[in-house]
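Student: For reference, the structure I am asking about is given below.
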Amino acid sequence: MAVATLISILFAVLALRLCYLLIHALFLSPLRHIPAPFMARVTSKRPLWHLLTGKAEIAARQDYSTFGDIYLCKPNTVYLCDPHDACTVLSSHAFRKTDMYRVFEYEGIPNVSTFTDPAQAQRRRRQLHPFFNNAYLTQMEPVMLKYGIQALKARWDAQLARHKKVEVNYRFDTQLAMFDITGALVFGREFHALETSNLVYTKWVNNTLSYMLVSHYFPWVKRVPLSWLVRGLKQSYDDLVAFSQESIAIRQADLQAGRPKPADLLQALLDAEDPDSKAPMTAREVQAESIAMLVGGSESTSSVISWVIHFLLLYPEHLQAVVAETRANFPADHTITFNESKANLPYLEACIYETLRCIPTASTSFPRVSDQAIILKGYYIPAGTEIATNKCAAHLHQPSWQDPDRFYPPRFLNQETYHETRRNMLSFAYGTRFCIGRNLAWAVMMVTLANLFKDYEVELPEDSRFGPTIVDAAGRPKIMPTKMGVATMPADPERDCRMVLSVRITE
C-alpha cells in the first residue's frame, strides 16, 4: 500500500511539473511569441536528441523551412537563420559564449575556443595570433606538404606504378593525412597514420569528443558502476591526454638539450606569452590547447576536403574548370604552395567556399547570451536569452543567397558581391571569436586540392551510387548522406567516398 501511495505521489508531482511547463511555455514565457516546435518550448533536450541520432542537419533545414528566420530550439534558446542577424550577434563582445562551450575543455582548463569571458578570450587570442598569420604558416608549410599532399602522392603513385587506374578512398586517405599533419604540427611527432593506414588516432579524436559530450550532459556516467558504459571512450581520452603530456615533455627536453626550435604549433604554444604580463602558458594550458587543436582541426579539415571532391565529381563542369585552372598556371612537376594557390586559383577557392556553404562544418553554432535585450526580426528577445545560429539555414537563406539550393561556385567570383558572400559564410564563425585556425585550414585545403587536380585525372567508379546523372526530385545530383561528429561527415565513407585515379593526361 505504501509503495502504491508513493508511486501515486510521484506521478502527481510529475503531472504538476508537466502542467507548469506547459502553462509557462504557452502563456508566461517572454519568448512565447517566437515561433517554435512544440517540444522546443517544453524541453531543452530536443537539439541533443537530434545530435545523438545524427539528425541535426536534417532538423536544422526542416525547422528553417517550417518556422522561418527566427524560432526557438529550446525553451530559452533562439535560433537565427538570417546571416545578417547572426553577424550582429557574433560580431559583438556584448554577446558572450555560454557555459555550453565548456564541453570542449580538458579537465576544466579553458582553451582559446571555450573562454566565456571576452577579455580572457581576447588575451589568449593575442597570445596565439602571431602563430596563425601568413608568415608563420609559410614557415610551417614544409610540414604540411610533407605529411599532406606529398605523402598522398607517394601512396597513390605507388599504386599507379602497378596499374593504369586505381580506386582510392579519398575520405580515408585525406583523413589519415590530416592526422599526420596535425600530429606533426601540434605534437611534434610522427603518427605514420597514412603510411600504415592506422586509424587509432581517428578513434582517439572521435571517442574523446564523445566522452567530452557525454561527460558534460550526463556526468553521472563517470561514476561507478555506470562508468563501464563509457570505458572505451574514457580509454581513448586517457591515451590522448598521455600522448600530449609525453609530447610536451619530449619537446621541453629537446629545448633544454639545445636543439633548435621547430616552426610548429607545439612550439608556438610553448613560446606564446601573455600580452600584458609576458608570462608563458602553463604545461596544462599548453596541453589543453593542443588537445583542442587536434580534436577540432584534423577531422573538420579532412571532411571539407572530402566534400569538395564529392561535389566536383557530381558537377563535371566545375571539376573541369578547376583542373584547367590548376594546369594553366602550374607545370606538372611543380608543387603548388598556399600563397601560389591563393594568388592564382580563384575558381578552386570558390569551390571550397561553395562546398562550405552547402555543407557547413556544423549544422548549428553553440549559443551566445547577452545581458541586454535585443530586437531581431521584430521579435523582442530579453536579456539572458541564449542565441545560436542555424548554420544550415543561414547558408540557404533567401534573399541572402540567390538560388541557394544550387551548387554554383561562381557566386563567389562576382566582384560586386565579393565581400557580402564571404560575410554571409559562417563555417568558421564570424567577428570577435572567429576560428583562430581558419588560415591553417585554408592552407591545407587549398594546397591538397590544388595539387590533386593538377596531377591526376579523377572520376567516379562505375558502381558509384552518386553521380551527375543520379538526381533528386529537383533534378540536382544527389549528395551522399551525412552524419554529425566532430564535423559534418559522410555517413558511409567506405561506400560513398571512392574515386578512380589515373596519371594526368598531358598534351
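Each residue's number is its place along the chain shown, starting with 1.
Note: Cβ is positioned from N, Cα and C throughout, glycine not excepted.
Sequence annotations record features per position, and here Swiss-Prot assigns heme binding site to Cys435. Annotation comment: Swiss-Prot describes Asn111, Asn206, Asn339 as N-linked glycosylation site. Under the heading signal peptide, Swiss-Prot lists 1-25.
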Student: What count of other C-beta atoms do you get within 10 angstroms of the C-beta of Asn339 (N-linked glycosylation site), across all chains shown?
Tutor: 15
Student: So among Asn111, Asn206, Cys435, all listed as recorded positions, which is physically nearest to Asn339 (N-linked glycosylation site)? Use the C-alpha atoms.
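Tutor: Closest by Cα: Cys435.
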Student: Could you state the CA-to-CA distance between the residue listed as 'heme binding site' and Asn206 (N-linked glycosylation site) to the nearest Å?
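Tutor: Here the two Cα atoms are 20 Å apart.
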Student: Going by DSSP, give the three-state secondary structure for Asn339 (N-linked glycosylation site).
Tutor: helix
Student: Are there residues at least 6 beyond the ends of the signal peptide (1-25) whose Cβ is under 8 Å from a Cβ of it, and what are they?
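Tutor: Non-local partners: 32, 41-42, 75.
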Student: Per 10 Å Cβ neighbour count, which of the glycosylation sites Asn111, Asn206 ranks highest?
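Tutor: Of the glycosylation sites Asn111, Asn206, the highest Cβ count within 10 Å belongs to Asn111.
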Student: Including all protein chains shown, what's the count of other C-beta atoms within 10 A of the C-beta of the residue listed as 'heme binding site'?
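Tutor: Neighbour count, Cβ to Cβ under the 10 Å cut-off: 19.
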Student: If one measures from the C-alpha of Asn111 (N-linked glycosylation site) to the C-alpha of Asn206 (N-linked glycosylation site), what distance in angstrom results, rounded to a whole number?
Tutor: 19
